[in-house]
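Data block below; observations after.
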């Protein structure tokens, strides 16, 4: 209950002569709305002679009925507070919040009560608006019964007609209905309201430093069932959807987040502005028919349901129920994940789920200011409205939502910036104290968004601050289909998309595409279709006759997928194709066996019954085709995410930079459901050199840690590495972290080498027998220990440059030199 407002105005009253209930009501139509011991303020007569009584089920009522004598409210302040007043010995307002007043056998009215020591036992005091509404005369005896609302009788939204209470107070200046609605919720939160109730409302316009006293009449009330609405919003399957829809009620209790709408009285000079004016703001506190696709959000149903359960479900219950539980609301949510997954779009819609105060959306860098202390002041300003409302009405305060985009810009780890007095540290300290400091606020919800969760100060991530941490990951196939339907809805509506376009097939082919990349794919397909209409010639101009026939077809999507849009968390096809530029030459059953082992390991990773994490190293001499075999394994695995870590990508990196690059690669791989990580040439990555020896211990330790860390639940990772020095890996302990080791052999027989030579297609069939005979002789020599396939291909390419008659002797001479260690 909010305290009775303190007003300084003291007015006189005129005694009302009463003969009967109806005769008093006719006389009082011209009496004052507010009365005190000195004067009155005239108001316009009410539009209705008698408001209908709320029809309430008997189960809503409690016993302990008493007879009371009607008295007038002690002061204007009491009237403005909108309570009926009784002595504590009759009803204690700490135990009884509302009463039902029966002035006659066919009528009853619901009031919220307050104790007042000036009211004698057996008396109940009402303000003039209440006495007019219930047609109560002074000294009239009424039956009063304690009353309790059921959970289905809470106010979701309420429409009130408003007018100036006196002609002398009429002004043409616009009144902000949004500020009025906020002030109304603060003053009257937790009170009972009935259809037709008359009341006085004093609104202080702080922007213009003016005070207005208005007469209000409750026009309609839309209620909802708190329990069923919360269950439906959180995804309960057994909830009747019709039971959660708002419905008209005769009486209900006002909640802090109830939607208040003001309509001006017919013929009134009142000028209202803002979203809470008229029917524009007429909406329920929770929309059970919330449609993510209409809001432009797809693939995030699970995330929304989880956030509602953790952060919003508790806020739809009455404050007194939360106090009985001793519960504190969640004050913060952190949305993190890869770029383009819909974090910002999700945050824009979160505030609309409860119809709370208009969210304050601020970019992280906007907080920073060049002047000393202004950055901290900007943080304090964001919480100023919530602090003021919390001081005034405590638990009855409405929800204030503050959204920080790119929160990592202002909430980095303290001490990570240069200088001990960095402005970033003081901003973090200010935000920490506002969210959960000495003066705790229970009416705020801070939503932060970032791509770099690891940069956020750990004190901000504890319970009580950014307590709910939700990863917004890449959409699955169902989510991708929802997103594609959203971005193609207008095209389908206006028949601008060929009906043969199969969005389900596109969603299957766009593995690991983010929401932003899917939007870009649709945009690229549209551009491809529009390009067909551009006339060829010196000037670029569209063909006006073909514009009406424009239709985006499946070919446009295929072209966009092939050439325009590549997912950031997709396959590194460019790197894989570079490693396989010579193709995959199966020179013997050894190659087939190696590829089969790789396929078996990939299938093991895919199997949901297994752990989903395997590591393998391809070890062999230099130029034996290890990288090509690893690339072929990665490509044939058909995993949507393939990342290549190559020494050439880290040239010039410091040891710390290499470790960060490795860590980021593993983190990116673990964000995808199915991932392959190819680490090429471990020795070069570690900076190993046998002279010394010299190597990077920091990189080795990073690899030991990362290769031992399995992916999160539901994610699967296959790590393939290559190495030319098996002894070094064993000495450094790296061999122990690889679950499987596959040896890559050299070509040691003439038949194996002939398979490669035949694939080159540079020798005629007549030359091949002589080459095979000479190679067999070389292989039998004591100095020949085999040749790597890459080395053999290099020799063949060198021979290709010769004239046709010299290709055979050139190749054989180089092979003989290889046997004599001339080409090692």
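Keep in mind that glycine also has a Cβ here, set from the backbone N, Cα and C atoms.
Quick look at what Swiss-Prot annotates:
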BINDING   582, 583, 584, 585, 586, 587, 622, 623, 624, 625, 626, 627, 628, 629  ATP binding site
BINDING   627  Mg(2+) binding site
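Residues 582, 583, 584, 585, 586, 587, 622, 623, 624, 625, 626, 627, 628, 629 are listed as the ATP binders, and the farthest two of them sit 18 Å apart at their Cα atoms.
Annotation for residue 627 (Mg(2+) binding site): same-chain Cβ neighbours under 8 Å, separated by at least 6 residues, are 579, 680, 681, 722. It is 626 that, of the binding-site residues 582, 626, has its Cβ surrounded by the most other Cβ atoms within 10 Å.
Under DSSP, residue 584 (ATP binding site) is assigned to coil, being neither helix nor strand in the three-state scheme. Cβ neighbour count for residue 584 (ATP binding site) (all protein chains, 10 Å cutoff from its Cβ): 14.
The Cβ of residue 586 (ATP binding site) lies under 8 Å from the Cβ of 592, 755, each of these being in the same chain and 6 or more residues away along the sequence.
In the three-state DSSP reading, residue 622 (ATP binding site) counts as coil.
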